[in-house]
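Chemist: Sharing a structure below in structure tokens format, with a few things to ask.
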Amino acid sequence: MREAFHKYRDIEIRAPRGTALNARSWLCEAPLRLLMNNLDPEVAENPKELVVYGGIGRAARNWECFDRIVECLKNLEEDETLLIQSGKPVGVFRTQRDAPRVLIANSNLVPHWATWEHFHELDARGLAMFGQMTAGSWIYIGSQGIVQGTFETFVEAGRQHYGGDLRGRWLLSAGLGGMGGAQPLAATLAGASALLVECQQSRIDFRLKTGYLDEQARDLDDALARIARYRGEGRAVSVGLCANAADILPELVRRGVRPDLVTDQTSAHDPLNGYLPRGWSWAEYRERAAREPAATVAAAKRSMAGHVRAMLAFHERGVPVFDYGNNIRQMARDEGVENAFDFPGFVPAYIRPLFCRGIGPFRWVALSGEAEDIYRTDARVKELIPDDPHLHRWLGMARERIRFQGLPARICWVGLGQRARLGLAFNEMVRRGELKAPVVIGRDHLDSGSVASPNRETEAMRDGSDAVSDWPLLNALLNTASGATWVSLHHGGGVGMGYSQHAGVAIVCDGTDEAAARIARVLHNDPASGVMRHADAGYPEAIACARERGLKLPMLGDA
């Protein structure tokens, strides 16, 4: 008989700080603290229900599983590995000291059954959990985790479309959840104003509180007046509007309003839990989702179709429009919008050249809980990468503008060679006592070689290999063999069930020689696998990078 399980608990979780261990080593303490940090009220979207971000992206399957995971991590030996199956601890096995302390598999389904309908059946029976990307892999750091990637996207869009200057320009988008909440700050850092539509007032309040959003408008007329004023003044200010994007975008099209950039980060990947149908209140949406899920999904997807038609109308008028990876184009196509993919996704439009060089989201977390540890590592990054003014500008803006959520953390986009250099330097700082406690290095699953997602990261690959998911599997296996502290393999993150597979990695810098050896392997091999993947697809930039870095790619030959 299956035991009872609970997804709600009226409790606040915060990660321990300082140097006192709750587990038997820092390699076990780190995943313990990062799991708990994912559920910090400053970090998670709905922590009392274990939801970190992305609709129903959870850190653990239920509270009973959370309790047992914590117990396992506290008692895990230095040569044991904990196995997590969709948020549930299922085994502890003797491995070796250089093996991962935790191996995680979340939301993975045999392809024929990889649908939201089947997943929700399993979820209701307590047999599955949606891990999103960094929710179930315990390395979410709040909206900062996506800010720089969003910033890089907006900057590149400005370079391509507006000569590199977004002053006096404005972005139209929607969604202020765990991912979309980065948009207003990223836009203003890039020099543009932004109008962000969000249907939940609580999310607007949270972004205002954390400084990611500057202000809120009373209604659409007020929002447009504010944007017009800030554009005229050459100021970059973000404005939130509590409304439904499925209503607002068609109305803007009707009025002939012309934004300078248009995208979307609503939770369109999950129509049952993340996208409000037109004319519904949020309370009605949640009630009807529980009572009549099929009708709710249908209503949400109809609204998405109207949303995408409005985006297409902007595109047809010459406005740069791009999909930001929530699969809204696919949902619209399912509803009969045959030209939904006329505007591109953000990766082929703006990011892929970075992936070809193994450049992606590199993040680290100070287990001490001390902000000063992050500031010291910021300075070390600048010393080790002295000739990248764009990176230095980012680090300066991040320190000035980004408020830490939970444990202090930092993200910056760096590539092959740079990641290992930084990781080894951080480990040496721990060894010398320059940092109060060890740091954890991780990344988003959205990275160069760790994801297969034909409507997002691997859209429009040069060789047509968009849907080949061997690559994230190889990435996870390679990071496991290389000695990462924990490794995760997920399905459905970002774009929903059936549309992606992706892998995550984290490694602890505890100041030991053993850690240095693991760091050198993992932080070289992880981005190198991304260069390999893109070189195999025929990208000249990746082939050149592979040769420059001396990667052994047997089939590369003289291509």
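For all residues, glycine too, the Cβ spot is worked out from N, Cα and C.
Not my notes, these are from Swiss-Prot:
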type	residues	note
BINDING	54-55, GLN132, 178-180, GLU198, ARG203, 244-245, 265-269, 275-276, TYR324, GLY494	NAD(+) binding site
ACT_SITE	CYS412	active site
Chemist: Reduce the DSSP letter at CYS412 (active site) to three states and note it down.
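Modeler: The three-state answer is strand.
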Chemist: Let's check the environment of GLU198 (NAD(+) binding site): how many other CB atoms sit within 10 Å of its CB?
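Modeler: Its Cβ has 30 other Cβ atoms within 10 Å.
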Chemist: Please name the residue among the recorded positions ALA245, CYS412 whose C-beta has the most neighbouring C-beta atoms within 10 angstroms.
Modeler: ALA245
Chemist: Where among the binding-site residues GLY54, GLY178, GLY494 do you find the Cβ with the fewest other Cβ atoms within 10 Å?
Modeler: GLY494
Chemist: In which DSSP state, out of helix, strand and coil, do we find SER267 (NAD(+) binding site)?
Modeler: coil
Chemist: In sequence order, which residues at least six apart in the same chain have a CB under 8 Å from the CB of SER267 (NAD(+) binding site)?
Modeler: GLY54, GLY55, GLY175, GLY177, ASN273, GLY274, TYR275, ASN326
Chemist: So if I draw a 10 Å sphere around the Cβ of TYR275 (NAD(+) binding site), how many other Cβ atoms end up inside it?
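Modeler: Looking across every protein chain shown, the total is 30.
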Chemist: Compute the C-alpha separation of ALA245 (NAD(+) binding site) from CYS412 (active site), stating it in Å without decimals.
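Modeler: Answer for this pair: 31 Å between alpha carbons.
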Chemist: For the residue listed as 'active site', which of the binding-site residues GLY178, GLU198, GLY494 has the nearest Cα in space?
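Modeler: Closest by Cα distance to the residue listed as 'active site' among the binding-site residues GLY178, GLU198, GLY494: GLY178.
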Chemist: When DSSP is mapped onto helix/strand/coil, what comes out for GLU198 (NAD(+) binding site)?
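Modeler: In the DSSP reduction, GLU198 (NAD(+) binding site) maps to strand.
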